[in-house]
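Visitor: Handing you this structure, nothing more for now.
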Amino acid sequence: MADAFVGTWKLVDSKNFDDYMKSLGVGFATRQVASMTKPTTIIEKNGDTITIKTHSTFKNTEISFQLGVEFDEVTADDRKVKSVVTLDGGKLVHVQKWDGQETTLTRELSDGKLILTLTHGNVVSTRTYEKEA
């Protein structure tokens, strides 16, 4: 099922992302730049390893992981987190934990689009991506 996520995805819509970043403690200037950026996400699968690359004018990040196996991650806003990604009901669920906090990034496919739902506490942001040809 993870194969369905493979491809290059371009951000086309973003809701409540500034509030999400604010809840994580991201500073004003960084939030301003990040809010204006339209990243491209590249998802690849090689055997049991999934790689998610996010490219933008703001920052490039890359993570590689196996489903259900915890790994260390440095986020785009420089948080050092323990992450685990699972496949749950056709959704890729990515949980990041640090300093007693937790945020969840859920990727799901809907009508040919990739919907990324970011949750931190009671703050929810939705970012919609379309697949590039």
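Note: Cβ is positioned from N, Cα and C throughout, glycine not excepted.
From Swiss-Prot, for reference:
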BINDING   Arg127, Thr128, Tyr129  octadecanoate binding site
BINDING   Arg127, Thr128, Tyr129  hexadecanoate binding site
BINDING   Arg127, Thr128, Tyr129  (9Z)-octadecenoate binding site
MOD_RES   Ala2  N-acetylalanine
MOD_RES   Thr8  phosphothreonine
MOD_RES   Tyr20  phosphotyrosine
MOD_RES   Ser23  phosphoserine
MOD_RES   Thr30  phosphothreonine
MOD_RES   Ser83  phosphoserine
Visitor: Please tell me which one of the recorded positions listed here (Ala2, Thr30, Arg127, Thr128, Tyr129) sits closest to Ser23 (phosphoserine), measuring Cα to Cα?
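Guide: Of all the candidates listed, Thr30 is nearest in space.
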Visitor: I need the nearest neighbour of Tyr20 (phosphotyrosine) among the binding-site residues Arg127, Thr128, Tyr129, using C-alpha distances.
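Guide: Its closest listed neighbour, by Cα, is Arg127.
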Visitor: Have a look around Ala2 (N-acetylalanine) and count the other CB atoms within 10 A of its CB, chains all included.
Guide: 15
Visitor: Measuring Cα to Cα, tell me the gap between Thr8 (phosphothreonine) and Thr128 (octadecanoate binding site) in whole angstrom.
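Guide: Pair distance, Cα basis, whole Å: 13 Å.
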Visitor: Write out, in the order they occur in the sequence, the residues of the chain not among Arg127, Thr128, Tyr129 that have a C-beta within 8 Å of the mean position of the C-beta atoms of the recorded octadecanoate site.
Guide: Trp9, Leu11, Val12, Asp13, Ser14, Lys113, Leu114, Ile115, Leu116, Thr126, Glu130
Visitor: Helix, strand or coil at Thr128 (octadecanoate binding site), per DSSP?
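Guide: Its secondary structure by DSSP: strand.
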Visitor: List, in sequence order, those modified residues among Ala2, Thr30, Ser83 whose Cα sits within 10 Å of the Cα of Tyr129 (octadecanoate binding site).
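Guide: Of everything listed, nothing lies within 10 Å of Tyr129 (octadecanoate binding site) (Cα to Cα).
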Visitor: Hey, how far is Thr30 (phosphothreonine) from Ser83 (phosphoserine), Cα to Cα, in Å?
Guide: 23
Visitor: What is the number of other Cβ atoms found within 10 Å of the Cβ of Tyr129 (octadecanoate binding site)?
Guide: 24
Visitor: Which is it, of Thr8, Ser23: the one of these modified residues whose Cβ has the most other Cβ atoms within 10 Å?
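Guide: The residue with the densest Cβ neighbourhood is Ser23.
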Visitor: If one looks at the chain holding Ser83 (phosphoserine), which residues at least 6 apart in sequence have a CB under 8 angstroms from its CB?
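Guide: Set apart from Ser83 (phosphoserine) by at least 6 residues yet with Cβ under 8 Å, we have Ile63, Phe65, Glu70, Phe71, Asp72, Glu73, His94, Val95, Gln96, Lys97.
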